[in-house]
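Asks: Once you've had a glance at the structure underneath, I'll fire off some questions.
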Amino acid sequence: MFFLVTDNFEEVLKQSSLHPKPSGLVLEYGTSGFRTNAKHLDHIMFRMGILAALRSQKTKATIGVMVTASHNPEEDNGVKLIDPMGEMVTPAWEGYATQLANAEQEDLLAALKDIIEKESINVSLEANVFVGKDTRSSSARLSQAVLDGVKALGGHSKDYGLVTTPQLHYMVCCQNTQGKYGAATVEGYYSKLSQAFSQLTKNASNRTDDQKHLCVDGANGIGALKVREMEGHLKNDLQMSIFNDGSKGTLNLHCGADFVKVQQKPPTGVPSVGNGDWGQPVAVVEENGLSRSIEINPGDRCCSFDGDADRIVYYYTDSQGHFHLLDGDKIATLICTFLKELLNQAALDLKVAVVQTAYANGSSTRYLEDVMKVIIKCTKTGVKHLHHAAQEFDIGVYFEANGHGTVLFSKAAEEKIQQLAEDGSISGERKKAALLLQSTISVINQTVGDAISDMLLIEAILAIKGMTVQQWDTIYTDLPNRQLKVKVADRRVIDTTDAERRAVSPAGLQDAIDSLVKKYRQARSFVRPSGTEDVVRVYAEADTQEGADALAHEVSLAVYRLAGGVGDEPQPLH
Ligand code: 16G
Ligand code: MG
């Protein structure tokens, strides 16, 4: 086999010398692929092009490669591989990615040969790779390096250029299902989602313009560009004011979903949200060459995307100027409530489950379990774990508190809904519910969390239920919580179990956490090593903010003392 492709491998060697690896640099394919300062990534991109071509030969399907560093600062970049159905690549291939990335120049062929042999890949097969990139200034040259890698192995590539991460996941899935999931074009994506949205919202025909209005913070990234492209397709069904559209601000700087969730405050660049300057025309936006003043009032709905538009959070400010965040947990609850109501009306017996992580606010879990009576599953942090768990149910709603999530329908569930929607013998409320479920499936991007698709689903639900953002917010009240980080010499000394909710090492840490938690009411706390930063993360919640802050601090101290903290001891927050 090796003999047959000698030419290709000569080409790989020749080309790889144009994308040299800085010697000694070691990077790991983590939960979100490779991610670091863009200046270290050229060889990684070239090699991921090669690896994607091999994965394509192995799976006999199209593979995706997305160049983005999501919510990281503009100077960073990253890359993620997308498997045939739009999922993340398997753990074994994450390992190959790390292996290939770290091989010194002279060991590259041996590293490739090793993967080919281990996976019995027929390298004479065709390889097809879809490539996409975000708006970072380094993304153009880095995505070219990916294309070079695919070409060096003799593979075919399609460059989608600027797309959101979930759009590329969608394209890959469409391509590998021969169009059954939709057309593998950006245009196809817009028309599928906007048609579904229009079908959903026609059930809420008496919406006022105010109710149709949504303020969108695009994080100065790709999401802003793409939601603007989609605007025309949405006609009058949704009126968006798009801020942080990349025309002046910096990507992710003091804006976007990650900033809003972590800082628990409004983004900059969305004029006056949260500064109490209500009732004034606060922004002038250019639309179709015309200037329009926009007023943002208390209670107006706002949402923020992250830098590659796979995360979304909502928020509003009340008449006292207080900021209210509706995170992934609130989104999951809204979607779950809506789906349960429709399934009831349609008299369909399908099991709905909600998949969360340890970060889910305790109030959301309690509400979903006690009031909604849905199955709750808790997984480790990281999209792939949630996605995998959600696949086990008829309908699996999964969301991380940070706003990454979507809904998965099993094939059988989709078929049942489809049959009912087409059943000529039913009518009235049951028929209407079946049709709404059918459109709900179409508006959702099931391949991965998608800010644009989630936004349309949320907007449709609020419209259909005639619900304001405040009413949505009061479904349950979040328990006050605090997240802190602790620097330790080696964060791998922390080992966890029970979906990261309990620490098994170092010795004594969990006992210390248990006794600290007992001092507070409605309290909970856990620690875990971060997968993306060299720190240990601490989470605490309690019945008051003071309690949550004090507990988080005390647990941080326990981590510092028992897990080899470095630098100054953590100080109390107040
Ligand atoms: C990555 C994960 C995200 C997770 C975060 C946790 C993906 C695509 N992204 O960004 O789901 O919430 O890591 O970061 O899986 P941490 O390990 O640093 O807390
Ligand atoms: Mg992201």
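Using the three backbone atoms N, Cα and C, a Cβ is placed for every residue, glycine included.
Note that the structure is predicted; figures quoted are calculated from it, not measured.
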Asks: Besides D306, D308, D310, which of S56, S70, S556 does TrEMBL list for that Mg(2+) site?
Replies: S70
Asks: If one looks at the chain holding D306 (Mg(2+) binding site), which residues at least 6 apart in sequence have a CB under 8 angstroms from its CB?
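Replies: Expected: S70, H71, A219, G221, G223, N252, G256, A257, D258, I312, G403, A451.
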Asks: Could you round the CA separation between E400 (substrate binding site) and D310 (Mg(2+) binding site) to a whole angstrom and send it over?
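Replies: Between the Cα atoms of E400 (substrate binding site) and D310 (Mg(2+) binding site), the distance comes to 11 Å.
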Asks: When DSSP is mapped onto helix/strand/coil, what comes out for P529 (substrate binding site)?
Replies: strand
Asks: Could you check which of the binding-site residues N402, P529, R537 is the closest Cα neighbour of D310 (Mg(2+) binding site)?
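Replies: Sorting the binding-site residues by distance from D310 (Mg(2+) binding site), the top entry is N402.
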Asks: Out of D306, D308, D310, E400, P529, which binding-site residues have CB atoms lying under 6 Å from ligand 1?
Replies: E400
